[in-house]
Ligand SMILES: [Zn+2]
């Protein structure tokens, strides 16, 4: 670990904004801002159940995962063409670059779109074009992770995988998202086994609202390399030891946890506990348009509420690169950039 000299509390937000970082838990459909939803609805002639951008913003006052998901799927209904998928991802990637994100691994939910008659190629080509453009125009590397909606069936997940395989070069892995409780990881054990044979990276949401048992089965039955959220793991000491020993990263999303009432207040978030236990915890934005902030907002608000230090800022950024699916050379390069940014700041 690179030791970081103490930095005055009032300079910490600037350090958090400036430090290079990776984002590993962002649902691209969750980056869709009300303004862009209305613009796409207009150009695609989709009728929205909201009269104005302001009314849609007001509807974002949801209280749990399910009430959020209901609005989330309504917002995604405006995405029809390749250009729409490109524009959505491009809007996110520009914001990420402004937050000094150097690398992003982006979730997308093809079933949300194919169920509406949008072709898999339309979704993947549009998103992929934005990733290619981000590397060329922003110097930001970005790759895509296909997520299965866990409230749907195993058979539907297999169909989705089949539809995506002709475009295998455009995504690096698969994940599992949507309503967690009642849909344990083991429901998708065979799908993940197939994805593993195909050489895809494997991640899954587990232990967000669901119990530590879901984290265990994500690890042991799905054989995932990263756990998305995983904050309920602190309830199980044996699981915490496993996560630390095997260096299984957790992609933690503090503002999402706050908005979905996983924690009653940001000051009560367990990020510090995860770091103190030696876990490879990272900070991410999840669905930034809906949860009140992009990556730097997650960092600055969480640090302000919990009193984490500059050393922990460095650790979280270093963890984000370690936890990413990039090669060892790229990891070393990003880590050097991180150390240089801290040295320049001190
Ligand atoms: Zn998520």
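Here, residue 1 is simply the first one shown, and the rest follow in order.
Every residue, even glycine, has its Cβ placed from backbone N, Cα and C.
So that you can see what the record holds, here are the features copied from TrEMBL:
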DOMAIN    20-340  domain 'Adenosine deaminase'
BINDING   25, 27, 205, 286  Zn(2+) binding site
ACT_SITE  208  active site, proton donor
SITE      229  site 'Important for catalytic activity'
BINDING   287  substrate binding site
Annotated recorded positions 208, 229, 286, 287, filtered by Cβ under 6 Å to ligand 1: 286
Within 10 angstroms of residue 27 (Zn(2+) binding site), Cα basis - recorded positions out of 208, 229, 287: 287
Check: same-chain CB within 8 A of Zn(2+) site center, minus 25, 27, 205, 286: 26, 30, 107, 177, 228, 229, 251, 253, 256, 284, 287
Length of the line joining the Cα atoms of the residue listed as 'active site, proton donor' and residue 229 (site 'Important for catalytic activity'), in Å: 5
Most crowded position, judged by CB atoms within 10 A, among 208, 286, 287 as recorded positions: 286
Spatial neighbours of residue 287 (substrate binding site) among the recorded positions 25, 205, 229 [C-alpha, 10 Å]: 25
Surrounding CB atoms that lie within 10 Å of the CB of residue 205 (Zn(2+) binding site), all protein chains: 29
Rounded Cα-Cα span from residue 25 (Zn(2+) binding site) to residue 229 (site 'Important for catalytic activity'), Å: 9
Chain-internal residues near residue 25 (Zn(2+) binding site), provided their CB is under 8 angstroms and they sit 6+ positions away: 107, 228, 229, 251, 252, 253, 282, 284, 285, 286
Collapsed DSSP category at the residue listed as 'substrate binding site': coil
In three-state DSSP terms, the structure that residue 208 (active site, proton donor) belongs to: coil
